[in-house]
Amino acid sequence: MNWHMIISGLIVVVLKVVGMTLFLLYFPQIFNKSNDGFTTTRSYGTVSQIFGSSSPSPNGFITTRSYGTVCPKDWEFYQARCFFLSTSESSWNESRDFCKGKGSTLAIVNTPEKLKFLQDITDAEKYFIGLIYHREEKRWRWINNSVFNGNVTNQNQNFNCATIGLTKTFDAASCDISYRRICEKNAK
């Protein structure tokens with residue numbers, strides 16, 4: 001039997017498999033156009049979510065590429081959710097309607113990890129989120145009606161909406177003043 005022919009054949013097969021793998025990985029980056037308006041986006045997750053380990057990374061996030069899950073163009077991907085950070089400003093009600101028009105809601109920031117992720121990408125701007133004060137109950141609720149158990153700073157009698165961004169906290173704000181907004185929806 002001619003062993004060098006078999007080894008040469010195996011090397012060719014391995015090179016073809018490696019070449020095909022690289023082609024499939026980088027082809028979407030070369031031709032980033034799509035007919036449905038979706039594109040691959042950055043993905044953030046804890047180390048344990050990505051690698052199955054129990055120890056988080058030092059900053060709590062690790063950047064990966066997500067090829068199986070997509071968000072619309074200009075939306076950010078995090079933990080199977082898509083987030084849109086607007087550059088325009090409007091009142092809380094207009095912001096809620098804007099998000100609804102995009103098939104989403106104002107962001108429900110109900111975990112410390114989600115808050116950190118959003119604060120890391122909001123820069124030095126204030127953004128409305130889906131948190132509103134119910135005077136009759138004297139408590140804050142998310143727009144999905146779940147109870148907010150955290151603290152809101154800068155509370156004032158006329159401040160019934162909440163923002164995040166400038167500080168590392170939830171800040172009460174007037175619902176009538178114009179701020180940017182964060183919309184949230186499921187990734188596809």
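Placement of Cβ uses the backbone N, Cα and C atoms for every residue, glycine included.
From a predicted model like this one, the values you see are computed outputs, not experimental measurements.
Taken verbatim from Swiss-Prot:
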DISULFID  Cys71-Cys82  disulfide bond
DISULFID  Cys99-Cys183  disulfide bond
DISULFID  Cys161-Cys175  disulfide bond
DOMAIN    78-184  domain 'C-type lectin'
CARBOHYD  Asn32  N-linked glycosylation site
CARBOHYD  Asn93  N-linked glycosylation site
CARBOHYD  Asn144  N-linked glycosylation site
CARBOHYD  Asn151  N-linked glycosylation site
TOPO_DOM  1-4  topological domain 'Cytoplasmic'
TOPO_DOM  28-188  topological domain 'Extracellular'
TRANSMEM  5-27  transmembrane segment
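In this view, the densest Cβ surroundings among the glycosylation sites Asn93, Asn144, Asn151 belong to Asn93, judged by other Cβ atoms lying within 10 Å. The disulfide-bonded residues in question are Cys99, Cys175, and the one with the fewest Cβ neighbours inside 10 Å is Cys175. Checked against Cys71 (disulfide bond) by C-alpha proximity, the recorded positions Asn93, Cys99, Cys161, Cys183 yield Cys183 as the nearest. For the pair Asn93 (N-linked glycosylation site) and Cys99 (disulfide bond), the C-alpha distance works out to 10 angstrom.
For the recorded positions Cys82, Asn144, Asn151, Cys161, Cys175, a Cα-Cα cutoff of 10 angstroms around Cys183 (disulfide bond) retains Cys82. The two recorded residues, Cys82 (disulfide bond) and Cys99 (disulfide bond), show a Cα separation of 12 Å.
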